[in-house]
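One structure is given here, and the rest of the page talks about it.
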2 protein chains.
Amino acid sequence: MRTVDVAITGYGRIGREIAGMLQARTAAYRERHGVLVRITGVCGSAAGLVDPAGLAPERLAARGSFVPGLTGDAFLEAVRADVLIEAGPSDYRTGGPALGYLRWALGRGLDVIAVSKGALVLDLRGLLRLAAGHGGSLRFSGAAASALPTVDLLAHSLAGATLEGFEAVLTGTTTFVLDQMATAGLGLADAVALAQARGIAEPDPNFDLDGWDTAAKLVIIANAVLDAGLGLDSLPREGIGAVTPCDMARWAAQGLAPRLVGFVEHDGGGFRAGVELRLYGQDHPFAQLRGSMKGLRAVTEEMGALTVTGGASDPRATAAAALKDIEHAVAARQ
Amino acid sequence: MRTVDVAITGYGRIGREIAGMLQARTAAYRERHGVLVRITGVCGSAAGLVDPAGLAPERLAARGSFVPGLTGDAFLEAVRADVLIEAGPSDYRTGGPALGYLRWALGRGLDVIAVSKGALVLDLRGLLRLAAGHGGSLRFSGAAASALPTVDLLAHSLAGATLEGFEAVLTGTTTFVLDQMATAGLGLADAVALAQARGIAEPDPNFDLDGWDTAAKLVIIANAVLDAGLGLDSLPREGIGAVTPCDMARWAAQGLAPRLVGFVEHDGGGFRAGVELRLYGQDHPFAQLRGSMKGLRAVTEEMGALTVTGGASDPRATAAAALKDIEHAVAARQ
């Protein structure tokens, strides 16, 4: 039976969730694709574990058995893998270790799955070129709104249509905060505190509130689907930090729901793109978003408009998005 | 340059639309995939046209030049093709000529794209087995709600998640009729007449109104995604023919919107499936469907619920769905 050896770089909550789900599905992969999927190495920022025969769940659970220093170049030298999953932190300034991991794996023709966003925001075009040049592939559902199909919908489901543009609610935290302000009458700070208490917002919520998270995902999606050449720093960007209860009351009286969206529209030969707070009437699908739901609305020439909403935001949903990429990578090699 | 020769069986509105869009995209296919896509044959029920060097748009437009009798076995003997697109009428009793065309092409390892539904409803499992056994493929976006991604969403975008079930509004006509009854206060007959006047309903609207159209699409989708083994005749099925203005008024007073949906749910080791008139609160995405829009809501274990809505229903949108299948077929051969 063909083996598919998987290495995971970045071994925090998401990395562990991916490893657990992957191992739970060993039998399913064997039955569905006739392959034996093994995890041959994992590493965090300071330590790692490698075994070409595959790491059993018990060994992965015993963090004490991780080898100090087995990370970075030392990890890459030791590990043997067909698939590399990058699930470390996102560094939007330099790409961090993730960028090195991705370039190393793509330069060797591996199938690569990125969950972290930094390297993709900085150099998606270069990474895709590297994949094409070495017979590998790069997939990144976990970095492009995870459980909400974004690149899938735009590039796969709309492959037969001409895309005129799209707008998307890509950050669960901002939807939750705006919805709590609207429905529970909370002020911004209280709504943010509630989002933190529920584990929806990060301890530092400003990355989400200031629109950076939406902007990063928009850059990845638009560059992947339209080769739009967007950059994070040059993207016009708005946040929700200045929204007041007074604003909310005025919009509610007009029947409008505010949502933070990323958008891209064809504009002459190029693209107009940005992150904006937009107001939607109650019959718009984005006005119906509750909790930390996300949404994407695409407009096409031949098929009209298409909207997808939903997408849980927890580590399990993100891991399931990465596992989708594995399914596609394994199927494409058959 | 690699040539991709396409034959089209069934040359009515949809078939002609597909041929036109395909020829308009010749340059795009060359640039994107490095292939020369040619139409080497088309046939209707009584006549056809074949040319191994490719048929120019002018020749396809001149129906007078079609050769009488060049259809069925005679057409298949004469044509040389890598891809067969079946766009004839749907025969749900015997499969009609479409079933023969599909079996012939799949038995020769062609990439096959079905737009008609009859053969798929009768024998999807057998056709898929034939495709797998001869190195070909079978795609059918145009037969599974066209511009609304259904199989795409369930099989591709949710590949990493465990599907618990789905419900879907699959027939544009019934949504239009119910929405007109609710918003314009029309009786059923008047709403149907309006749908016919707008070209949304067929001259014989009963196939849609009685739930057969929804049932046929549900059978195809559920059998494709879940290998559910559903049959058209044994599927519990409801229509909208008995809905009265009095029902509509009562539901409106309760804030509910009726929609005809097909559904599949895991039930023990098997599936519970059917076509039902269901009532939705105003915060449900299906209640927001207007015009002839369709929708699908999937529930998964890992990713929560996911809803897609939209999907124009005209011949152009259906043709674009078939062209999506061509993109995927061409990409998979590279």
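Counting starts with 1 at the first residue shown.
Each Cβ is built from the backbone N, Cα and C atoms, and glycine gets one as well.
TrEMBL labels come from automatic prediction, so no person has curated them.
These numbers come from a predicted model, not from an experiment.
Per TrEMBL, these features apply:
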{"type": "BINDING", "residues": "B:Gly10, B:Tyr11, B:Gly12, B:Arg13, B:Ile14, B:Gly15", "note": "NADP(+) binding site"}
{"type": "DOMAIN", "residues": "B:10-132", "note": "domain 'Aspartate/homoserine dehydrogenase NAD-binding'"}
{"type": "BINDING", "residues": "B:Lys117", "note": "NADPH binding site"}
{"type": "DOMAIN", "residues": "B:149-326", "note": "domain 'Homoserine dehydrogenase catalytic'"}
{"type": "BINDING", "residues": "B:Glu202", "note": "L-homoserine binding site"}
{"type": "ACT_SITE", "residues": "B:Lys217", "note": "active site, proton donor"}
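Overlay of TrEMBL feature records on the structure.
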{"residue": "B:Gly10", "record": "NADP(+) binding site", "contacts (Cβ under 8 Å, 6+ apart)": "B:Cys43, B:Gly44, B:Glu86, B:Ala87, B:Gly88, B:Pro89, B:Ala98, B:Val115, B:Ser116"}
{"residue": "B:Tyr11", "record": "NADP(+) binding site", "contacts (Cβ under 8 Å, 6+ apart)": "B:Ala19, B:Val42, B:Cys43, B:Gly44, B:Gly48, B:Ala87"}
{"residue": "B:Gly12", "record": "NADP(+) binding site", "contacts (Cβ under 8 Å, 6+ apart)": "B:Gly44, B:Ala87, B:Gly88, B:Pro89"}
{"residue": "B:Arg13", "record": "NADP(+) binding site", "contacts (Cβ under 8 Å, 6+ apart)": "B:Pro315"}
{"residue": "B:Ile14", "record": "NADP(+) binding site", "contacts (Cβ under 8 Å, 6+ apart)": "B:Ala87, B:Val115, B:Gly142, B:Pro315, B:Thr318, B:Ala319, B:Ala322"}
{"residue": "B:Gly15", "record": "NADP(+) binding site", "contacts (Cβ under 8 Å, 6+ apart)": "B:Ile8, B:Thr9, B:Val42, B:Gly44, B:Ile85, B:Ala87, B:Gly88"}
{"residue": "B:Lys117", "record": "NADPH binding site", "contacts (Cβ under 8 Å, 6+ apart)": "B:Ser90, B:Tyr92, B:Ala143, B:Ala216, B:Lys217, B:Ile220"}
{"residue": "B:Glu202", "record": "L-homoserine binding site", "contacts (Cβ under 8 Å, 6+ apart)": "B:Thr173, B:Gln196, B:Asp208"}
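Cβ neighbour count for B:Lys217 (active site, proton donor): 25 (other Cβ atoms within 10 Å of its Cβ, all protein chains included). Sorting each residue of the domain 'Aspartate/homoserine dehydrogenase NAD-binding' (B:10-132) by its DSSP state yields 62 helix, 23 strand, 38 coil. Here the domain 'Homoserine dehydrogenase catalytic' (B:149-326) has a mean pLDDT of 94 out of 100. In sequence order, B:Ile8, B:Arg16, B:Glu17, B:Ile18, B:Gly44, B:Ala87, B:Gly88 are the same-chain residues whose CB sits within 8 A of the CB centroid of B:Gly10, B:Tyr11, B:Gly12, B:Arg13, B:Ile14, B:Gly15, the residues recorded for NADP(+) being left out.
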